[in-house]
Structures are given as structure tokens and as C-alpha cells.
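Chemist: Sharing the feature lines straight out of TrEMBL:
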- 513-562: domain 'Cationic amino acid transporter C-terminal' (DOMAIN)
- 75-97: transmembrane segment (TRANSMEM)
- 109-131: transmembrane segment (TRANSMEM)
- 228-251: transmembrane segment (TRANSMEM)
- 263-282: transmembrane segment (TRANSMEM)
- 303-327: transmembrane segment (TRANSMEM)
- 347-370: transmembrane segment (TRANSMEM)
- 399-418: transmembrane segment (TRANSMEM)
- 424-443: transmembrane segment (TRANSMEM)
- 455-478: transmembrane segment (TRANSMEM)
- 484-505: transmembrane segment (TRANSMEM)
- 517-537: transmembrane segment (TRANSMEM)
- 543-564: transmembrane segment (TRANSMEM)
Amino acid sequence: MSSIGDMSDEIQHKSYWRFSKQDFLPEESFQSWGNYRSALSETCFRFKDRLISRSDDVNEIGELRKQSENEMKRCLTWWDLTWFGFGSVVGAGIFVLTGQEAHEHAGPAIVLSYVASGVSAMLSVFCYTELAVEVPVAGGSFAYLRIELGDFVAFITAGNILLESIAGSAAVARAWTSYFTNLLNLPSNSLRIHTNLAEGFNLLDPIAVGVLVIAATIAIISTRKTSLINWIATALNTAVILFVIIAGFAHANTSNLKPFFPFGAKGIFQAAAIVYFAYGGFDNIATMAEETKNPSRDIPIGLLGSMSIITVIYCLMALTLSMMQKYTEIDKGAAYSVAFQSVGMNWARYLVALGALKGMTTVLLVGALGQARYTTHIARAHMIPPWFALVHPKTGTPINATLLITISSALIAFFSSLDVLASLLSVSTLFVFMMMAVALLVRRYHVKEITLQTNLLKLVLFLLIIIASSMGTSAYWGLSPNGWVGYAVTIPFWFLGTTGLSMLPQQREPKVWGVPLVPWLPSLSIAINIFLMGSLGAEAFERFGICTVVMLIYYVFFGLHATYDMAHLHRKAQSTEVNNEDMIGRKGP
């Protein structure tokens, strides 16, 4: 007991602002060059250990949180989470990508693109909700995957989470500048600095950097105050959205809907994969579980309630835009503002631009909260230096993690255009959501040391069939969108894999709230996410592949050894604790 008390006193006396080697590289592998060379020589062994090792609920909820030294403050209710849902989702996606994709890929059928991506998003929301209630920690999907699929899979996903966070914030910040320019009635890109750099990186954006810094500063000060600011801004944005829908339909012209499918079905799904970005952000709610007063009640209401309403709003807004203006005339940068100008409501363009700015501001605000909490838990596991896991004792917020995400986002927002960011972001988002559905199925059908080996092999086989058949369907769509022979093979295999899963005994029932129709809904989520990924262009996958290779290099030289040392230190502590209990038991009363 005294050692625990000493450790507590030591933590209390430590300054939050410290920068020693032990704060960044405390693991044994990095204490000397000799240790590091020794660790590298064991890379294959350590990789195998991390590949097959699994965390557990108790470790994620209890032990890892101690790495932050201070607790986050439980101050949020379902009301806060619902408005956080609106604030984190409704922003650049609907106001910017709708016009871009209607103009380039879907035409008036952009509304069907939102239906397709909305169905996929809702399936992912189901998976997130169950897991967030079962494992209420700041790590969100990273924590869930560490438990169900292991460290390596969690790391690849963690890399994509960070990529999604950084690129997402950068994309929204760039869009903020576009709408601010429109609000001031200035020419497009007039507030950006023009350079001779490569196309897509040649318009420097200092305003985007400033907006990111302001949002991060508010998020750092207090979670509760951030929630209040988000509620006010989101309420105003909701009023603008209602105006857009009502006034838009009042000035609708159904002739603008013809032709409805100018780019065919392929264009609809290609646009759906891009506008999926508009639904991104709801996973931020899951990361706030540690700060939620009653996670088992508040998270389902906040997630499912907000996303259901948002899906309907998105479809109505997409339909409104398509009926106000011919798809060939839709402005790709500030679609709604220009659309109202085209029907004679010049004043409305300023109201819409102001609403869009408010929406994008709340996206950045809630994103600064959620993304920092992802980063905090990733650092708790030592995937990145544990210095980023620290929670400030006064604010109860992870300042270091917030700074990491903000500085990285600001650097990218300063150089990269929105279209470069959106395609990369969609691949990353779809990949993470697909992995979440896999994790949910593994959680339901496998429990360590309980599930029979034969049932485990069947689970792996059926999951591989589901994933492979989904990839086959996506590939055939890309190669032959008007064909049908390939679907006659891939879709029955998907049914076979899902039916096989349904015949296995479920090993775990959800404690409070569970996804209905398991395994069918999670399996459908896997299929849709992979299908939408396949609808993206080759360039997006090239960027995704490059980023993944960089992540793997980082993992081999740093993440693997840090997490290996951390895991074995934890096992040694558990072993010592068991031995001490045995000794006490032998002495007896």
C-alpha cells in the first residue's frame, strides 16, 4: 500500500509541463543504443507477440487510464452528446461536398448518394454504440480493436484514426476560409496566398490555421464550456439549415432534376464514397465516454438520436440544392450561397454562408475534443510517446494531445486543398468503420478461453468469406458496373459467410444496449464500407497506401517495441501481485 501512496504523491508533485526523455521514451528498449539494437534484433518475435496478444476491458478501462495521471471530469449528459453529435457532423461535408459531388459525379441523384452513405453510417453507429457502452473509455475505436483484434490491427487503425483526425480538421478549416470569402463577397481564393507550388498545394491558407488554433484553445480550457459554446452555435446553425430547406423548396424547380442520373449508378456510389465524409465525426461522441455521467444511457441516446435526424436533414438539403439549380451550374466551392443568389435571394447567401461558418466552427470545436481523446488513449498504450497521454490537473483536458492534432492539422491546412484531403479522408474513415464491424462480430462470437477452437476457426473462415466476397463485389463494380455475372458469385458467398456466422453460438451478450440482427447488420456494414471504398479513385488509394507504409515503418522502428515493453511490464506487475497474494494466503491468519 505504501508504494501506491508514494506513486500517487510522486504524480501529484510532477509538473504537467515537463520534457525529459522519460516522458517521451520511458520504455526499456529506448534507454540506450544497446537496448535499441537488441530490441530490433527481436523484431520478428515481438511482432508475433503483438499480433496474437489481446487487451481486455479491465485493462482499457482501468490500468491504461492511470497513464494520464489525472482523471478527465465527468460533466456530460445525453443532452450534451446529442448536440455534440450535431456539432461534430454538420459542417463542411453538407455545405461544400454536396455541391462538388453533384456537379462532378452524381447530378440530382446526389440525394441517393446521401441515402447510401447514410445507411452505411447508421450501421457503423450501431456498432460504435454497443462498444462504447461496453468499454466507456476515451480511446473509442482504438480501444475496442485492441481488445478484439489485437495490438497490430489496432495500430493500423490508430494510424488511420490520427490521419482521419488531422486531415479532417484541415479539410474543414480550408472550407471555413472558402465560406468566409463568400460571406465578404470577395473573389474565390482571394484570401489565400498564391504560390508556384504543385496544383492542389499552391494556395496557402493562413486563415484556416487561425481558426484551428482558436477552436483548440477553447477545447483546452474546459470540456463543459466547450459543450455550452457548441450548443449555442449548433442551435443557430440548425435554424439556418431549416431556413435552407424551407426557402429552398419554396424556390424549387423540378425541371432541374432532369436528367436525374446524368452520370449513372457509378456516379452515385462514387459520390457516396466522398460525401461519407459528411457523416464523419459521430465517432467523436464515443471518445467522450470517460467524461459522460451515465455512459450506458447517454451514449445510445446521443449517438443514435443525433445521427438519425442528421441523415434525414442531409437528404432534404441535397434534394433542395438539386431543385434550386441545374447540376451543371452548381458552384463547387459555396454551393448553397450561390444557389440562393441564382433564385434572386441575394441576401440569403450571406445567411447561408454565416450558418455554414457556424457549422464548420462547431465541427472543429468538437473535433478538437474528440480527436485529442483518441490521441490520449493511443498514447496511454505507448503507440506514441506517453507524454501525449497526460491530462492537465486543473482543466481536466489532454492539452498535449490537443496541441499535437492542432499543429499537424494546421500544417496540412496551410498547404493542401479540400479535394486532396476529402478523398484521402474517405478511404481512412471507411476503413476504420469497416474494422469496427469486424470487431463487433469478434466480440459477440469469441471469448478468450471459453470459445471452442473449432468455433474460432469457423468464425475466422466466415469473416474471411464476408470480407473477400465484399471486396469481390466492389472490384466487379469498378471493372464492369453494368454487368451481373460477378454479382451472381460474390453476393451468394456473402450470404453464405453471414449465414454461417448466424449458426455459431454467440459467446457474449451486450450488457445494456446491443446491435440488432447480429450478424446480418454488422456484416452488411462491412460489405457497404468496402463497396464505397472501391468506388473511390485510384489516387485516393495511392495516398492511403503511402500513408500506411509510413505507419508500418514507424511501427517497426518504434511502436512495436514501445507497446511490447509496456505489455510485458504490465504482465510482470500482474505476476508479482499474484505471487504476493499467494504468500499472504500461505501465511494465513
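From the backbone N, Cα and C atoms, a Cβ is placed for every residue, glycine too.
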Chemist: Please determine whether the transmembrane segment (109-131) and the transmembrane segment (303-327) are in contact (criterion: at least three Cβ-Cβ distances under 8 Å, sequence separation 6 or more).
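Modeler: Between the transmembrane segment (303-327) and the transmembrane segment (109-131), which are separate recorded stretches, there is contact, as judged by 3 or more close Cβ pairs.
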Chemist: Give residue numbers and ranges for long-range contacts of the transmembrane segment (543-564): same chain, 6 or more residues beyond its ends, CB-CB under 8 A.
Modeler: 25, 27, 29-30, 36, 39-40, 43, 46-47, 49-50, 151-152, 155-156, 159-160, 163, 381-384, 423-424, 427-428, 431
Chemist: Counting only residues 6+ away from its ends, which parts of the chain sit with a Cβ under 8 Å from the transmembrane segment (455-478)?
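Modeler: Beyond its ends, the transmembrane segment (455-478) has Cβ neighbours at 266, 269, 438, 441-442, 445-446, 486-487, 489-491, 493-494, 496-498, 500-501, 504-505, 523, 526-527, 530-531, 533-535.
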Chemist: Near the transmembrane segment (347-370), which same-chain residues lie under 8 Å Cβ to Cβ, leaving out any that are not at least 6 residues past its ends?
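Modeler: Beyond its ends, the transmembrane segment (347-370) has Cβ neighbours at 84, 86-92, 94-96, 140, 165, 168-169, 172-173, 175-176, 179-180, 182-183, 211-212, 215-216, 218-219, 223, 226, 229-230, 233-234, 236-237, 239-241, 243-244, 247, 281, 283-285, 287-288, 334, 336-338, 340-341, 402, 405-406.
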Chemist: Do any residues of this chain, six or more beyond the ends of the transmembrane segment (75-97), have a C-beta under 8 angstroms from a C-beta of it, and if so which?
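Modeler: Distant Cβ neighbours of the transmembrane segment (75-97) are 171-172, 175-176, 178-179, 223-224, 227, 230-231, 233-235, 237-238, 241, 274-275, 277-282, 284-285, 288, 291-294, 297-299, 301-303, 305-307, 309-310, 313-314, 317-318, 333-336, 352, 356, 359-360, 362-367, 369-370, 418, 422.
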Chemist: Per DSSP, what is the residue count of the domain 'Cationic amino acid transporter C-terminal' (513-562) in each of helix, strand and coil?
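Modeler: In the domain 'Cationic amino acid transporter C-terminal' (513-562), the DSSP-based counts are 40 helix, 0 strand, 10 coil.
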Chemist: Which residues, given as numbers and ranges, are at least 6 beyond the ends of the transmembrane segment (424-443) yet have a Cβ under 8 Å from it?
Modeler: 120-121, 123-124, 127-128, 130-131, 134, 141, 144-145, 147-149, 153, 157, 160-161, 163-164, 167-168, 171, 273-274, 276-277, 280, 283, 459, 463, 467, 501, 508, 515, 518-519, 522-523, 525-526, 529-530, 532-533, 536, 540-541, 543-544, 547
Chemist: In the same chain, who gets a Cβ under 8 Å from the transmembrane segment (517-537) while lying at least 6 residues past its ends?
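Modeler: Residues 116-117, 119-120, 123-124, 126-127, 266, 269-270, 272-274, 276, 423, 426-427, 430-431, 433-434, 436-438, 440-441, 444-445, 466-467, 469-471, 473-475, 477-478, 494, 497-498, 501-502, 506 contact the transmembrane segment (517-537) from elsewhere in the chain.
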